[in-house]
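Record features, source TrEMBL:
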- 30, 31, 32, 33, 34, 35, 36, 37: ATP binding site (BINDING)
- 3-362: domain 'RecF/RecN/SMC N-terminal' (DOMAIN)
Ligand SMILES: Nc1ncnc2c1ncn2[C@@H]1O[C@H](COP(=O)(O)OP(=O)(O)OP(=O)(O)O)[C@@H](O)[C@H]1O
Ligand SMILES: [Mg+2]
């Protein structure tokens, strides 16, 4: 798919902007702080309902404005659609498809697809486990938009269960007789049910992503691998944890994963009531990224970490393409961070994409193979050059 037109109103630094786009490569070039990332961030938001830079919507709305609107015309094969999102920080966002009446924001998922490479990706390798969980879950949602509902159900159930645990913890501390724990049983079942669904999708994704990531790493940094993705499940049994979490012999079916989660919740309940928080479940799991025999986090060099992050993004691209969904490739400021060899390799790998959006501070940072349309971004204006 590709975006044929992007309109922004009160998004970030833009009061109003209209940007017609072509398939193929488009580069946005301009000095620091001129609004290049703001443009591609908007495209990314349509694909994931979130920004790759911030977790709240507030900074996305132009200072002084009340709401922001992102609108895009999208072409997939013969089909054209118009998607629109209105961001209302502190209130519900609104969405429309083809100017029709309101739909839920999550209904627009799957219309715009992106794989976004950005300097922030280094956190995929070096950052907290939450970064890697988000990577997995965003890709899961891109593969199967209905998973957005499962993710938000999980978050909701987790929050309610934590509230319950907190009040149980309070009751204990204040010497009460403790509360009726039968409600907790019900929440355990909810959590295990939704958690099993999420877990099954993550395990399936990792299995598919593993060979693609290894291939991409080899292309970017020949001879530097192999890389391995290992899922460390907080709910896997003692033997499972010792052999590296969910290994080959770990449970895979929903029923088995449900049983695994229920057993883990039962096993940690006492501790959970003491601490007032849910200690096992997909929200506590870790995706271990290994380079050779060592974990990348804490061991890999800066350059290796970068190659790893890029390999994960390239693998997500290959995966979606293989499943018949060609996403827009967005490369925000990544070439300036790479040495000449990896720059050329990455450029060659992404160049054939149906649509590639690149941002760079100077023309020289855009590799020659990515010659295409150029826009100059300056002072809130975006002009084709
Ligand atoms: N909500 C907002 N309201 C007004 N201006 C904003 C808002 N959010 C960001 N900006 C402005 O947008 C500019 C940053 O834009 P952006 O990140 O797109 O820059 P860039 O061109 O990508 O720069 P760089 O080359 O440094 O990455 C900053 O000057 C910032 O002050
Ligand atoms: Mg930028």
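Here the Cβ of each residue, glycine as well, is placed from N, Cα and C on the backbone.
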Checking the binding-site residues 30, 31, 33, 36, 37 against ligand 2, those whose Cβ falls under 6 Å of one of its atoms come out as 36, 37
Using an 8 Å cut-off from the Cβ centroid of 30, 31, 32, 33, 34, 35, 36, 37, can you name the remaining same-chain residues around the ATP site, in sequence order? 359, 361, 377, 378
Return the residues near residue 35 (ATP binding site), defined as same-chain residues 6+ apart in sequence whose C-beta is under 8 angstroms from its C-beta, sorted by sequence, else 'none'. 12, 13, 14, 377, 380, 382
Just to confirm: which same-chain residues, 6+ apart in sequence, have a Cβ under 8 Å from the Cβ of residue 33 (ATP binding site)? none
Counting across all protein chains shown, how many other Cβ atoms sit within 10 Å of the Cβ of residue 32 (ATP binding site)? 8
Which site among 31, 37 has the most other CB atoms no more than 10 Å from its CB, taking these as binding-site residues? 37
Show which residues of the chain containing residue 36 (ATP binding site), separated from it by at least 6 in sequence, have their CB under 8 Å from its CB. 28, 29, 30, 332, 333, 359, 360, 377
